[in-house]
Amino acid sequence: MKIDMRNISKSFGTNKVLEKIDLELQSGQIHALMGENGAGKSTLMNILTGLFPASTGTIYIDGEERTFSNPQEAEEFGISFIHQEMNTWPEMTVLENLFLGREIKTTFGLLNQKLMRQKALEAFKRLGVTIPLDIPIGNLSVGQQQMIEIAKSLLNQLSILVMDEPTAALTDRETENLFRVIRSLKQEGVGIVYISHRMEEIFKITDFVTVMRDGVIVDTKETSLTNSDELVKKMVGRKLEDYYPEKHSEIGPVAFEVSNLCGDNFEDVSFYVRKGEILGFSGLMGAGRTEVMRTIFGIDKKKSGKVKIDNQEITITSPSQAIKQGIGFLTENRKDEGLILDFNIKDNMTLPSTKDFSKHGFFDEKTRTTFVQQLINRLYIKSGRPDLEVGNLSGGNQQKVVLAKWIGIAPKVLILDEPTRGVDVGAKREIYQLMNELADRGVPIVMVSSDLPEILGVSDRIMVMHEGRISGELSRKEADQEKVMQLATGGK
């Protein structure tokens, strides 16, 4: 199948989101679609798959003009879109999810369970996965649920599969399994549109890359003929060396110290961070970094160990106690643990600091609104009206709201777990700049990240974990990717 999208434009009211887009897609090729949040990537694919029509332009499939009035029509034609937020029903079984809306019935109008099971098992076999059909899909990992979404696409004659940030919530092992499946589908002649911010994945898995910016296509190239520096510059108009802003903060005395901390999946963890210092925590998935931070913050129970702030030992058995002690914690899962998506920006930003706006039994709403608007302006949160629901913001702006929430308590120490996960390159740099400004004010920052270039580009000092223990410490000067990975895999 060959798809030609010609002169595609799209406006929502007066807001023009796509302008005169030309894009070619081909079966048997893996085509990356890159760009900052809001560049128009998902909108373009939603037009292709019939979620909404283009304002102008034409789509040709194998030379014939064609449009789809809904995604189901596109799927029946062989074009499927797996969105970042997967379309599954947690309480329903795997089999029920696979055939929801496409049930196979007997001549008597009853569900043909035997044929549906047969087709489901054939799709799983094609993907090289084994998943029970009769358990609730909510009991499965994100990686397994993603395989079910791909299997759902295979129930029709699949020609083009669009995937939006497919590895955002996957473990390293699940990511490798996904890549195996993608390569297998490519060999079968399926074309893949791979929407991602992750440079290393683009170069590992794709044949072509198209860069979008502000609703237009900037360039399309064979992936092997470009590099990270060129792609970043095309996406945001900056070179890669400008990606990590310079840090000039003066590093002071030790402000936060953890000694011999033991908990679930880790033991004997000790480290310190100074005023104005950014301490990076690196390691492979499952090394225990997140568990350490959750235990410090009182989410998980510690078995033993001490935590000190400004040389004073503190006791923390709950997140509310941690907040009272001046610890802020941006979790790796912002949507489930960091934000209340139905709440507006103002309510989310002031959740930990609501009491600060109460005086003599009266709530000072005017002061709270002014405070929130200052944070919105300072963090460059787009469409940032205080009364706007957080669920309507992009990933990068949602992450800024979580950061603002903790800045609002004037933290004595700030813990950031995967602070730029799922965030586009432009928003990433803004977050790095904000971290530097907090460090300039003397705030000690602990940053957990699985992005090795980020660890090397942002940290003053790096702790590396392996299988629940600290395996080494590196200064910024001596650290490089090889040394960090050696420690992360248990080497010395």
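Using N, Cα and C of the backbone, Cβ positions are placed for all residues, glycine too.
As recorded in Swiss-Prot:
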- Gly35, Glu36, Asn37, Gly38, Ala39, Gly40, Lys41, Ser42: ATP binding site (BINDING)
- 3-239: domain 'ABC transporter 1' (DOMAIN)
- 238-492: domain 'ABC transporter 2' (DOMAIN)
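Structure coloured by features recorded in Swiss-Prot.
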residue : record           : Cβ within 10 Å
Gly35   : ATP binding site : 28
Glu36   : ATP binding site : 22
Gly38   : ATP binding site : 21
Ala39   : ATP binding site : 25
Gly40   : ATP binding site : 24
Lys41   : ATP binding site : 24
Ser42   : ATP binding site : 21
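Per-residue confidence over the domain 'ABC transporter 1' (3-239) averages out at a pLDDT of 89.
In the three-state DSSP reading, Lys41 (ATP binding site) counts as helix.
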